[in-house]
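Participant: Reproduced below are the annotations present in TrEMBL:
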type	residues	note
DOMAIN	475-519	domain 'Transposase Tc1-like'
DOMAIN	529-681	domain 'Tc1-like transposase DDE'
REGION	1-26	region 'Disordered'
TRANSMEM	52-75	transmembrane segment
TRANSMEM	87-110	transmembrane segment
TRANSMEM	117-141	transmembrane segment
TRANSMEM	169-187	transmembrane segment
TRANSMEM	199-219	transmembrane segment
TRANSMEM	225-249	transmembrane segment
TRANSMEM	256-279	transmembrane segment
TRANSMEM	306-326	transmembrane segment
TRANSMEM	347-369	transmembrane segment
TRANSMEM	422-443	transmembrane segment
Amino acid sequence: MAALRPGRQDAMAIEEEETGTEQDKQLMLEKPQQESPEVVVENATLQRSITLLGVVAILIANVGGTGLFIAPTIILQFAGSPGMSVLIWMLGGLLQGAFAFCAVELALMFQKAGGPYYFVYFCFGDMIGFVYMWGFVIFIIGPTWALGSYTASLYTLSVFYTGCKPPEVLVKLLALWLVVTLMALNCTYMKVVTRIQSFLTSSKVIALAIIIIIGLAYIPSVGIVGVVVAVLLIVVVVGGGAVVGVVVVVVVVVEVVLVVVLVVVVVVVVVVVVVVVVYQDHLQVITVLAEEVKNPVKNIPRGLEFSFAVLIVISMATNFAYYVVLSRSEALKTDAVAMLFAERVHRALPVVISVLVSLCSIGNLNVLIMGQPRVLFAAGRNGHMPRIMTMLHTSYKTPWPATWTCGLVATFLLLTGSVMSLVSAISLFFGITALMLNFCLFIMRWRHPDRHRPFRIPIAVPIFMSILMTRGRKNQLISANTVRRRLSTSGLRARRPYIGPILAQRHRHRRTLWAQKHAAWDRIQWRSVVFNDESRFCIDHADGRVRVWRRSGERYQADRVREHDRWDGASLMMWGAISYNLRIGPVFFNKRRAINARTYVQDVLQAHVVPYTAMHRNIVFQQDNARAHTARYTQKFLEQSNVQVLPWPALSPDLNQIEHMLDYLQRRLDCQDHQPQNAEDLEHSLRRH
């Protein structure tokens, strides 16, 4: 037992590890003492059980997650062409590898659990470290566990629910089971967990290897060059030579891509930042686990070099394989590029890819559960979390309280469904973490230039990465195609809005009264209604139904242009009326005789409607609220002629049955062989139909 204060000097004084040096202890003693209550903690140390293979498995499984199966569409939208997209994946991987080595320099200097939290705490002090730790718990641990488990559950169930989305309740229940099971494993047997992680990582590599091999097989003429490419790819994956990998992919691109894409350097930098976001999400996990890595001075840099060499080559080769089988337009129409790729190759392959991707997502979740509770463990050491967080199991040497606390936060967010609203906050916090890690490196270089560094990176690298991250995190763009796809997957479609009138309360009230009065009418009553309306027929009209087949750039060709008279040529206004088994009219009005109240009464009501109502009893005359219909002259004539009129509330929807007949007449006119040339021909055609 040791009596310790929660100041920065206690973080490295509570235990004496074999990797510590006298220079480290002297540096801790130079820290100013802070007045605070004493906190007594056990001399708890994590067991070193992660080997070089475990480091590689963790990094390959977690860096990028399942991005290679989804993100190519996003990168292709910004890159503009498959060739540039492959190049962007290479540049983004190289830049992110450089950033990862910045974090490794700090990790090997301290070799403590907690990763970024510990670096921030040591360099910026208690207050910033405390705020960062709680931000990490709220915006990273809980949401990423919940989102990771949800994604893993969704991928797993998609194997059984083909063609439809699995039930939300079932997805969350399986996600909860995955979280609890992986937490139980991580709390007991770390060696077993690292072996399981190696298996889960292999599923990701196998899935990508299947895609790469199929892509090579789909090249029209592989020949000797293709064989050499395949052999060099295997050599790169086994040996980890990043330079050879770059040469291999350049050879492939030169052989297959026939069009050379020239892109401005600024656009390349913007797209590189997009790829940096894909790569970066969880690369700090190995710094969190630095205290549990065997011989970290050798295993962490070697594991990082090998992992990023493999990831860069695999990501480039995978994207190359996508674009060999799929066209650019096909790749842009889907979010699940890997599934579309599998469907194009063989109908049984999507199931295989789904299983492998689900195992990959489970491995990604397992790495999060393995590493992130160590942040709470480190915070408990420094007095930023309750003392219980520093407790380890006496046999397994794993932080049970910290792990299960993270699990409770993730379970709450998973079951309440609020995790999706924190996705933007997760991205923002990761960006802040990346910048703060670089600032920590600057501070350590400035304040402690002589401190022992097992690994040292040129200072120009963190400076360049800080500038790039600062510029890239601002004003990130989302393409219109991405927005349309998200809306489409939600069941939404772009439609013309319904144009409706502005209704006052009196209009709604009159509509309701009319509907209540006529809702109980039977067929006999509706058969007595005579529906009437007017419509204008033009020789040349644009109804939006005419279509032409043309290619891009042929819009203004003579045979693709439909000539249209600005005044629609000759036209006729026609009035007609229909009932259950009879019709009245038609009555035609030319342009020189406009329809007003007097012409409507003389030519329509007096000549046709009144004689019809005199021969048939119980006739109800329906008319809309056109100005000629509602004029006082018209209303007085209908009242004197004893014509019963169906009331029609103002601003009511047009439910007139004769509209269908008028539309039918227009279609018949459009379909006839001899089109009318003047008003007389038009009237003759309408009478004939």
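Glycine too: its Cβ is placed from the backbone N, Cα and C atoms.
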Participant: Name the range, of those listed as 117-141, 169-187, 199-219, 306-326, that has the largest tally of Cβ pairs under 8 Å with the transmembrane segment (87-110).
Facilitator: 306-326
Participant: May I ask whether the transmembrane segment (347-369) has at least three C-beta pairs under 8 Å with the transmembrane segment (169-187), counting pairs 6 or more apart in sequence?
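Facilitator: Contact between the transmembrane segment (169-187) and the transmembrane segment (347-369): present.
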Participant: What stretch in 117-141, 199-219, 347-369, 422-443 has the biggest tally of Cβ pairs under 8 Å against the transmembrane segment (306-326)?
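Facilitator: The listed stretch sharing the most Cβ pairs with the transmembrane segment (306-326) is 199-219.
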Participant: Kindly say whether the transmembrane segment (199-219) and the transmembrane segment (347-369) touch, using the definition of 3 or more Cβ pairs under 8 Å where each pair is 6 or more positions apart.
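Facilitator: They are in contact.
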Participant: Could you pull out which residues elsewhere in the chain have a CB under 8 Å from any CB of the domain 'Transposase Tc1-like' (475-519), counting only those six or more residues past its ends?
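Facilitator: That would be 74, 77-78, 274, 332-333, 335, 647-652.
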Participant: Find the average pLDDT over the domain 'Tc1-like transposase DDE' (529-681) in the predicted model and report it.
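Facilitator: Average per-residue pLDDT within the domain 'Tc1-like transposase DDE' (529-681): 80.
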